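Notes follow the structure.
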Amino acid sequence: MRSVVRWAVDNGPATNTLVVAILILGCWCAASMQREFWPYSNLDVIQVSVEYRGASPEEVEEGICQRIEETVRSVQGVRRITSVAREGSGMVSIELEADVNEPDVQEILGEVRSRVDGIPSFPALAEQPVVQRQQPRTTAISIGVIGPEDFALSAGENRDFENALSLRDLAEQIRDEVLLMEEVSQAEVVGVPRYQIDVEISEEVLRQYNLSLSQVAETIRGENVEVPGGTMKTASQDILLRGSNRQSTGKDIGNIPLVTDQSGVVLTVDDLGSVRDEFTDDSAISRINGRPGLAIQIDTTQTEDIIHVGRAVQKFVSEYSPPDGYELIYFRDRTDDVLARLMLLVKNGWQGLLLVFLLLTLFLELRLAIWVSMGIPLSIAGACALMYYTGQTLNMTSMFAFLIALGIMVDDAIVIGENIYVHRTMGKSLRDAAIDGTLEVMPSVVTSVLTTILAFLPMMFMTGRLARFTEVLPLAVIAILLFSLTEALTVLPSHLAHADGPGMKALSWLFGPFRFVGFAIAVVNGWVAKGLEWFIETLYLPTLRFSLRFPMLIVCCAIAFLMTAIGVVRSGTVPYIVLPQIDSNFCTVIIAFPDGTPEHITDKATKRLEDAVGSINQQTIDEGLTRVPDGVVSAIHRSVGYGATTSGDVSSGSHVGSLTVQLVDVGDRDITSQEMVQRWRKSAGKFIGADLVSFGSGPRGLAGLPIEFSLLARSEDIPQLEAAVQTCVDQLEKYPGVHDVTAGGRPGKWEYRLTIKDEAKAMGVSLAELSSTVRASYYGEEAMRLQRGRHEVELRVRYPREQRRSLADFDEIRVRDPAGNQRPLTELAEVDIQRSYSAIHRLDQMRSITIAADVDEDVGNAFQITADLQQTLMPKLAEDYPSLRVLWEGQQEQTNDSMNSMFYGFIAVMIGMYLLFTIEFKSYLQPLLVLSIIPFGACGAIFGHVIQGLPFTLFSIYGLVALSGIVVNDSIVLIDFINRRIADGLSLHDAIIDAGRRRCRPVLLTSLTTIGGMLPILLETSRQAQVLIPMATSLSFGLIFGTALVLILAPVGFFIIAKFSGARLEQTAETLIETP
């Protein structure tokens, strides 16, 4: 390394060329990096989905989910298996271990696909399984296609098919045009109704012509065919032969002949019944801004820039000319949200950079401050290049890493630059001063940087979902520190060694007209130097001498300070939350009634919620909370028929509805999205009969809900599971601040379960025949699937809609026995009326029900509520229901995963630091002295949260881990200088005083620059930055308190250790000195 330093000093042109190359490459990489809010996370989840149309959740569980679970449970690398059985479909999610790499993921995916394809016993009516890896996507923006105001798209049978068809066709046409754009690869029309052709024939007509629904389906299937007939090879050409009678519209299907009556007249489908060529019965209702409309959701993949996608879509909407009466808008736009948050960090970054430069200018001579500051853009450029080529992105986490590193990255340059200046005052030449000054402090500087790098390493190896979003932070900081160290050891000495060279003289001439600024700075610099000298001689050194006279008093005061901080934490004065709420530009609500609720009831409820939003919007105008004339609400998307809760318990159906409210930008309103939700919840009131009303503000966050856990039980213990769930819900609703308590296992639709009678068995009638007849009557006998353009249209034969909605007509169903006689269904089977679940969740091959709740952090604390549940309710559940298992999820699970992995990583880092310090100090006790400063820095972070009035968050803990590496750096240099002064022959007392005098200035400067780099984000009032402020608080206040303790406690600790070690101290100190 010594030769590298000398080479850099002696080869200035090569060094400068390398600097310019890194700057250019870094700028290009920064401009080319993908931008997003949070880093993408590949969840490594394999999903197996199977459609089993018409089946109940229990049938799906038994016939689909359990068989897949049993097949894949032994696959290597699987961490957890969850499944959901709903009416008509089942999905099994296979979560892989966190340490599984990409080649292994592909191998596991292939093995899962092979095993699922090999299952021989799926139900006959089940579709082919679809096995795929879950792909992470982020919604960038949505396009609203709004129809004319006179469209009749009301709920129920009043829905106008032609209008709905026109709206759908236009939405699909726009989606196709959007997908042709180079920036967009993912676009989907949300909640779009599916095409379906229903051939409806009544039971009376079937009996009249001695037909069954299955016979009608078979006839249609046989008449509506297209069969290739081969090729006729003539002398002149080849001619294709085929038999074609393929029909794809309801009108053509109606002309297919079915039977011939007694007079010889051929009767068609239209003669015996009717054909509905419309949408499925469960089609959704969608309204945008009070008018019929459909939403086109545009997502971004892992390789796409959300800003580019959003800007392209905004331009498309502004330039598109829809047909008369139609309107096109964009809403749920996250691009401006992401850009605003990134620009907020950019603004804070420039402010921090300016503060760091001003601090350097005040404490150092202008030329030295300039060259020290030059390391900042070089280090950031190098880090950007490294991040770009390792696939990282520009996001909240990576840019915050730059803010953290702003002050840290100049610490090594400050120490080296100031030491070079000291060697110049000794009369050495510029070259010799640069080389000698760098080599003298190089060991301690390298140790300091390695210590900081070690402190950030635990965050790189954390487990859990949150770790995937924060792993870029240590990577960015470590990259910056490595480039900064390289620059401080090579580029900085090279520049300072050629300060009087031709290049520098040319720059001096170029900035000659501004020389008066340098004079002014020099004057201010002199004032600061005198003030700092007064502080050192008048305040600091007398305090240090007093501390050395009464060392045990200082230690006792430090211990008392530490115990006070522990008391503050244990008393709950600083509450803990995983992540603070971030202001968002949209609010959401989902409402769910019992399964089977008619859609007009759900539509009425969602309309009431929409009216409540309009009332709140008018309130914001009257109260002056918005700078936009139309209020804070810019768009409302209301839908009936689809939605999803956080537990995934509700997916689609007439009983569920949802609203998404787009708000104006944060700068145009003085009300947060959380305050909007509170007003919305209060204004909407209670909904009688609703199973679920859940409000939210933007995405649910990185860690899930504040309170979320699952109860697991075997199938035979379902009654105990249901009772335990009700106990948990009742207990949660008692806590202040808890709202939107939801529980899975919601009752589903009423079921008529058939049991075949003994008399029917004697006739030769089977339960399968009974079930298939009932299925054909209501769900429909699938005749075939037609391809109509891009759409697959299912053709079903079943009873008319009126008969399918009457209980009386159920008794009229006829079943054909082996003798050909048609007998009433009730003559052959017993009917048992029961009620099932709307969805059945399973976890690790057990039934599971998830209980979740949101918490208003201004009233209650989720962490304290969770702790109380674990101490009071969970032991009672274990006693009353011993067969149940409890699995904590959401924020509790993420906290446990992150904290456990971070704890073990922190222990490893402490061991690594100790080994590093023993190499540096060649002592057993001095490394312990350096490490003892860390708890006191943590105390400063705790009191910083008290002063700021902030809760302690997971990012606060991340800040403590990073602080452990930063706060010890000053101790390393200070103790190193004490050892050197002792080796030079000074007494213990004089060596400590002299080291304090020499190192007080750089210790203060390195701490101030680190704090200055984070000061803008620390003082930021925008709610957009609230998630990062706790980490900045931990670092800043930890350094403030830690620096004061380093200047006092470290010398006192050294003094006590020296008194106990006696004569061995000088021998230890002498071995530390190496001649450069």
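Placed from the backbone N, Cα and C atoms, the Cβ positions cover glycine too.
Record features, source TrEMBL:
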type	residues	note
TRANSMEM	12-31	transmembrane segment
TRANSMEM	342-362	transmembrane segment
TRANSMEM	368-388	transmembrane segment
TRANSMEM	400-421	transmembrane segment
TRANSMEM	473-494	transmembrane segment
TRANSMEM	506-529	transmembrane segment
TRANSMEM	550-569	transmembrane segment
TRANSMEM	902-921	transmembrane segment
TRANSMEM	928-947	transmembrane segment
TRANSMEM	953-979	transmembrane segment
TRANSMEM	1000-1019	transmembrane segment
TRANSMEM	1039-1058	transmembrane segment
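Across 342-362, 400-421, 550-569, 902-921, 928-947, stretch 928-947 shows the highest tally of CB pairs under 8 A with the transmembrane segment (1039-1058). Touching of the transmembrane segment (368-388) and the transmembrane segment (12-31) is concluded from the presence of at least three CB pairs under 8 A, sequence neighbours closer than 6 excluded. By number of Cβ pairs under 8 Å, the transmembrane segment (1000-1019) is matched best by 400-421 from the list 400-421, 473-494, 953-979.
400-421 is the stretch from 12-31, 342-362, 400-421 with the greatest number of Cβ pairs below 8 Å to the transmembrane segment (473-494).
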